[in-house]
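Contents: one structure, followed by commentary.
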Ligand code: ATP
Ligand code: MG
């Protein structure tokens, strides 16, 4: 309940009477009744729209969210420390919007799209609403182009298409951000605009992401939207919508875009904080009922546009953090249900040294296989099956003491396949490198090696192919098919390299 003191009411009435013959300027000006915790209660903003920006006397900007019968509840996009009770509030008549332009590439901005990297103002002549409706059915077409992450485990078995929404989910410190950043690094030279939205993270982590992108030449095609753990919850809540608006700008200009929301759990927590302070009724896990609507509204904006609209795309990779692998909590289930699949990162795998820690068995991609290149399909088909059989066999083999020869061989193969999926951070592989790697594994060329040698062997093999069999890469790149000629070249390369490797090994 808002406590309205009688003298306050009489003051307001007196003011209204005084202003009576001055005309009707009152319409969109209100008075602050109460400010605190990033929330303001305002009296008198009669014609304000839901989601409209309001400006306080001290320059603080807020968004009117709760339109109640006797007051308006607004969230502040700032501390509001100098906002005073009784000061006036003006409705701006504008729904929250940000400036947009190509000059945003390579910049770090906050949730209001203001630069925070100290590189000066960003020129922009257009603006976009932070919240705009998702493209409808007619405006879309089905996903058919691949969005390569550069990670073998994903591109071969959980392929992602341009315009898809694929969730990255896992416990804390399981390499979620690493998967997303690798994907950005892998877009180099692919003409994809990347937007990385950091929500509620440590400033140092964001700085590290920016540095890595800069070092690897990825910042030039990337926009970073950062709201660290410090600022008001409102801005953390808005950051993903701002990122989506920036990506949309490029998408509607026929470009391919990739947006990463790191992470939506923290954004939902910010929204919970805002809602509770606004006294909206708490629901499950104290989240407000409409958190169920805020994430779909955001992720539906990712799309593959129809040819009439230019065929641009927005691929969304939202990240969600789980507690102890529990995917049945409120936010994880919600986001799982609205994405086109999920990449599950497991803490057990991560701690066992299997990195990226992708649990292939329970990860899925519902639309991406339509977008996988033919060449990749040709070699990857066997991989998933063999890994699944291996996982089953491995669990069973823990109980059996003496295994027959065939089982032992299958286990040895599985261990080597698992080894070939390991990749260091920031080391994405091209499609042809991935194909060469998988082919080597599923055709048993690694079976003769010790497990510890597999990684070294593959790294050297990929180098060997680039220097000695460049035609292999050319064929795969130009035709997108793993032709007989390509296979013959690859087999030669593996044979030659195996000989060199065994000599140098001795
Ligand atoms: P948080 O929950 O804190 O956001 P996260 O799940 O995003 O964590 P990352 O920050 O990406 O995880 O990675 C956690 C740690 O694991 C980092 O120190 C990172 O360098 C390391 N790491 C991630 N991927 C790999 C990899 N493929 N190989 C080796 N180390 C990795
Ligand atoms: Mg992270």
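Backbone N, Cα and C atoms are what each Cβ position is placed from, and that goes for glycine too.
Quick look at what TrEMBL lists:
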DOMAIN    29-93  domain 'ATPase F1/V1/A1 complex alpha/beta subunit N-terminal'
DOMAIN    150-365  domain 'ATPase F1/V1/A1 complex alpha/beta subunit nucleotide-binding'
BINDING   170, 171, 172, 173, 174, 175, 176, 177  ATP binding site
SITE      363  site 'Required for activity'
DOMAIN    372-496  domain 'ATP synthase alpha subunit C-terminal'
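TrEMBL feature annotations superimposed on the structure.
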residue	record	DSSP class
170	ATP binding site	strand
175	ATP binding site	coil
363	site 'Required for activity'	coil
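Within 10 Å of its Cβ, the residue among the recorded positions 173, 174, 177, 363 with the fewest other Cβ atoms is 173. Within the same chain, residues at least six positions away from residue 176 (ATP binding site) with a Cβ under 8 Å of its Cβ are 168, 169, 170, 262, 263, 319, 321, 345.
With a cut-off of under 6 Å between the Cβ and any atom of ligand 1, the recorded positions 171, 176, 177, 363 reduce to 176, 177. Residue 363 (site 'Required for activity') is 18 Å away from residue 172 (ATP binding site) when you measure Cα to Cα. Remark: residue 171 (ATP binding site) has 321, 322, 323, 324, 325, 345, 346, 347 as non-local neighbours, by Cβ distance under 8 Å and separation of at least 6 in sequence. Compared over the binding-site residues 170, 175, the count of CB atoms lying within 10 A of a residue's CB peaks at 170.
A straight line from the CA of residue 177 (ATP binding site) to the CA of residue 363 (site 'Required for activity') spans 17 Å. Only 176, 177, in sequence order, out of the binding-site residues 172, 174, 176, 177 have a CB under 6 Å from ligand 2.
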